[in-house]
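Please read through the structure below; I'll follow up with questions.
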Amino acid sequence: MDDPGHDNEFPDLSSFDDESSVISTRGLEAFGRKVTTTAAHLIAPRADPASNPTYQTAMTEVHRQLRRPGLQRSMFSMARTTPTDMVRSRLSTKEIQSRALAYVPDELLQNIPDGDSSYSLFQGFQASFPDFTEEGKKHRRRVSRGRKLLDEGPTIPDGTPESVQRLKKEKASMMHQFEMLGIRKNMASSEIREIDAKMENLAGMRRIILERLATLEQDEAILEHDIVEVEGRLEEAQELANEAGELAHTPKSEDDAASEKGDTPGFMSQSVYEKLPSVGSTSSKKKPRSIRRKTMPILHEHFEPGTMIRSMRAHHDSITALDFDAPFGLMVTAAMDDAVRVWDLNAGRCIGVLEGHTASVRTLQVEDNFLATGSMDATIRLWDLSKAHYDPQGSQFGKDDEDDEDAIAFENPDDHPVDPPAGSMSDCPLFTLEAHLDEITALHFRNNVLVSGSADKTLRQWDLEKGRCVQTLDVMWAAAQASALSTSDSTWRQTSRAPDTAADFVGALQVFESALACGTADGMVRLWDLRSGQVSRSLVGHTGPVTCLQFDDVHLVTGSLDRSIRIWDLRTGSSTTPLRTTTPITSMMFDTRRIVCAAGEDVVKVYDKVEGRHWDCGAGAVETEQEREPAVVERVRIRDGYMVEGRQDGIVGVWTC
């Protein structure tokens, strides 16, 4: 049996040649002895009383820690760089953890960026650490109070070593605080620059998303236009199918049978022509279909208030009336040049010109796809804008191939308006209402009821289904009756009316079911009941002609030439004056948040009902490089924060409000 003492001996390496020896023999022998001794203790049986369980316990703990991936990576990295540390280690768990966690490989150190800051990371932490806790703030206050107490304590005579040492310490402390303040100032400046860079990046991202939203809304408008067209064609096809079914089930008469056999000599006589259905009569009997928008644009809601969306020259003369159905929808403008133009606000393009009136249009209203216009020729015309031959995808109108110049968007407001091809609005006229004796100055319609006011001092109620007048209201008689009840002088007098201003007798009106509000030149606002044809209430407060009004469920807002806007409470009849101007008010409208009015200036006056503040919006409030001053605003309309204003020079501006 071999001697067990020879089991731990290494073979004699001196027999190998020097050329074949690769590593040092002495180091290998030392490493071998350590491994052999450690293995002997670890592999020794547990029942052996000579074996020490300390190594087994240590290896169990080390094995549990070494199974962590992060610790293994650190150990392998440390073994590659400093293998002698692994040999010197006593296999202590805390020692191995400390070495593995505290060691940073060179690969990570090489990736540290070179900063251009004047202070180090530790200095920044040291300068900002007191601000993180309340204890740091209390410590600074205690130091400040301690200095005051030291200053108030017994004085040390100058020139002594104690005073010099004290002053040095105080100077060192102050210099340290001064250095920390400088570091904090640099840190604050760096944070501001970082915030500015982030804000710039966010602003760029916002612009990109706004462009994407604009593209989506344009595609949505085009698709909605196609859907409406398909729905119209489907409805016509369904009507034709129903008519064909009715004709198939209708028995033929003797005359029809004889005409089919050709027995009568006058096969295509005049009587037969009279029996044939007329295409024009069939289309005229067809009830117009109201088309409501399926979605509402929201692009303008993401712009700052007072941002100009578009400016275009709509007419050669002053704007007399304008209205639009929805943001980025259809707009109709009228001017003193007797032209009535229809616009696509999404593209800034003129769709067509409405022809029929023989004089200037003074008032108009757009509701869904219907348009009502009142003219100085004493007539009211109804139009269906959905029948316009217009292609929103490009510059083509209908199916005709025209030049692109016929439908350009007027980016330069000084450009002259280009007339679209003739006949693009030929199918839009519905019918004409004729009964007034003088020019139409105000109108409003809702559902099948239209009320118009004229310079003949009457109001007329119209049934749009039958196309006829159903009631006439005499404003002069109502004014005389009210005057007779209040004073012996029954003569109607125009109060506070400028001698050089010809105010309209009926300045504004609005109808809702059987309720009618009318503002006249005597400064009165009368509330009519259309069921009885009588004035139910008169609102007195304006000292000049009423030029504009609008009401909702609770409030009525009026504008007058007396340079004031009044808000009336319909429940109590009381009024407030939130806005006064220096010039007469010619146009006014409000939405859920704002009241806008045109008051003879180059800006639109805006009153925020929620915040209770006033501000100006328009070309006059924006610094531009134009050589000439903006013209006076004559008409203004607003819907959901989307405002359109028309000026005396024929330019129409579109703004966010």
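Note: Cβ is positioned from N, Cα and C throughout, glycine not excepted.
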What range among 94-132, 211-249, 523-561, 601-639 does Swiss-Prot record as coiled coil?
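Checking Swiss-Prot against the ranges 94-132, 211-249, 523-561, 601-639, the coiled coil one is 211-249.
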Quick check on the repeat 'WD 2' (356-393): DSSP residue counts for helix, strand, coil, in that order please.
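Split by secondary structure, the repeat 'WD 2' (356-393) comes out as 3 helix, 19 strand, 16 coil.
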Do you know the mean pLDDT across the repeat 'WD 5' (541-578)?
92
Could you give me the DSSP helix, strand and coil counts for the repeat 'WD 5' (541-578)?
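So the repeat 'WD 5' (541-578) is made up of 0 helix, 22 strand, 16 coil.
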